[in-house]
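Working notes for the structure below.
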């Protein structure tokens, strides 16, 4: 507990003392108890002059100043958890279309839901979906979170819709049984006009940086592209009175086949529109290899620009965002460990500093 101190100070003379003599101070004190209140009398010698300080210490707690955190991200006015599982929002499916080719390993769907302006989300946030039906215990299904794939204005430009990018989950378990993901199959099977129960918006980890001159490196695998579609629309397809992107956006997207490249045409139009501000690199693991004949995963593609990426990471206005499969983290760390070591830096310590500075942002599953 901090103690509040009140003090009365008296000096025998107000005559000024030359600076040359103000070289030291000596304090002595004697504690006196009076009416159970501790008093402190102190003789203070400053530059040859002696004065007395009488101080009373009390148990009153001194106010502690609250240190405000000033985020580098677009956090001002951000809304989270407007709709919770116990009080969700019911919207409707307006559009649901498959966006992967027939030869792709798995289906991915782009869907648009109405929210009539009731879910005011930002780029980088997520919404929850509560699928219809009950689980094996007879209870309602729990919500699943999905990164939002649309800009706040929505795909229709009226601020009344939210879009998701969802891969249908189907796999064979250890017993040889085919298992279907509850929420992903519910969403991929939705017909226009069907109701969908939503929660949110949630999340601040993946919000865009405020700095319009920043370097923003986006690392995505598969449906992890969702938040970056939202980012890039804001940067290159929209006009804002208070924001014009003049920095560098660099997207790395890793997928298994060419027919799995999500929103490819949109990104290529952005690159054509702003070639000086947008770099685009795909890594197609089942179709491409590097000069060593190794499969082209996202970290393999990044390794081709390793020194350039490392130099960018040394800048205080470079922000990295990673979204998608958790497995890509190790491969990216492996690249950075050796690069940092060349400069005598421990990568994992440096990454902690980047995270603390909001320059390394991860959302993986």
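A Cβ is built for glycine as well, from the same backbone N, Cα and C atoms used for every other residue.
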Site-mate of 147, 223, 255, 256, 285, 286, 295, 324, 325, 363 for NADP(+) in Swiss-Prot, selected among 167, 180, 191, 204: 167
Most crowded position, judged by CB atoms within 10 A, among 256, 324 as binding-site residues: 324
DSSP state at residue 256 (NADP(+) binding site), helix/strand/coil: coil
Residue among binding-site residues 144, 146, 223, 286 with least C-beta crowding, 10 angstrom cut-off: 286
Nearest recorded site to residue 146 (FAD binding site) by CA-CA distance, among binding-site residues 256, 286, 363: 363
